[in-house]
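Visitor: The S-adenosyl-L-methionine binding site annotation in TrEMBL covers Ile34, Ser64, Glu81, Asp109, Ala110, Asp128. Residues or ranges marked as Mg(2+) binding site in TrEMBL: Asp128, Asp154, Asn155.
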Amino acid sequence: MQDQNLHYFLSIQSHDTPLNTLRTYAEEHQVPIIDQLSLDLILQLIRLKKPKNILEIGSAIGYSSMHFASIDPSIHVTTIERNEEMIQLARENFNQFGYESQIRLIEQDALQAYHAVNDRQYDMIFIDAAKAQSQKFFELYQDLLPEGGVIITDNVLYHGFVANIDIVKSRNVKQMVKKVKKFNEWLVQQNHFSTNFINMDDGLAISIKEYSND
């Protein structure tokens, strides 16, 4: 039933934009990018939150970061990527679609890039990189977020396996699922964040940094 609902929503909304030609490329070349309805939700949050600086962990081909930047020309996105092939493709896409002035690409492992990006605070952080490292990414970059800022983590359902790990046969996949599940359980215990999970596509966690009582 849920898949039918998702297909219905996709069928009544137009996503025929120049940027979305990259979704076809990603599907044909097996490049993992954010699912369409999850992206739509994040873009709506950007419209509501009106962030000026967004940090993205995991650029891939630049699909998400360009969509973020497309909402308002005053938005600046810093995105981190370590894969050389993805870096080259992302830079080509930023130039082709005219976002090179709005997007800063950091060519590093995200676990080692803190000092390359801590020159500013970020109103929103999007985690879409190595799923086994989500907690480390969260812990590393959370202090760059002001009170009221948002951290969005993608793939918290990991192909639906998190809620039904018994169906997983591969030992490696099962280990990954356990790490994602552990992250989710850790996330809801963070008292300085208010977190909600969205049962959409591959699952999103939306964590808002609480305001202090000082």
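Just so you know, glycine gets a Cβ as well, placed from its N, Cα and C.
Predicted automatically and left uncurated, TrEMBL annotations should be read as such.
Any idea what these are sitting next to in the structure?
Guide: For Ser64 (S-adenosyl-L-methionine binding site), the same-chain residues that are 6 or more apart in sequence and have a Cβ closer than 8 Å to its Cβ are Ile33, Ile34, Leu39, Ile42, Glu56, Phe126, Asp128.
Annotation note: Asn155 (Mg(2+) binding site) sits in a coil segment as assigned by DSSP. Asn155 (Mg(2+) binding site): 22 other CB atoms within 10 A of its CB, across all protein chains.
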Visitor: Between the Cα atoms of Asp154 (Mg(2+) binding site) and Glu81 (S-adenosyl-L-methionine binding site), find the distance and write it as a whole number of Å.
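Guide: Cα-Cα, rounded: 16 Å.
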Visitor: In whole Å, how far is Asn155 (Mg(2+) binding site) from Ala110 (S-adenosyl-L-methionine binding site) when you measure between their Cα atoms?
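Guide: With the alpha carbons as reference points, the distance is 17 Å.
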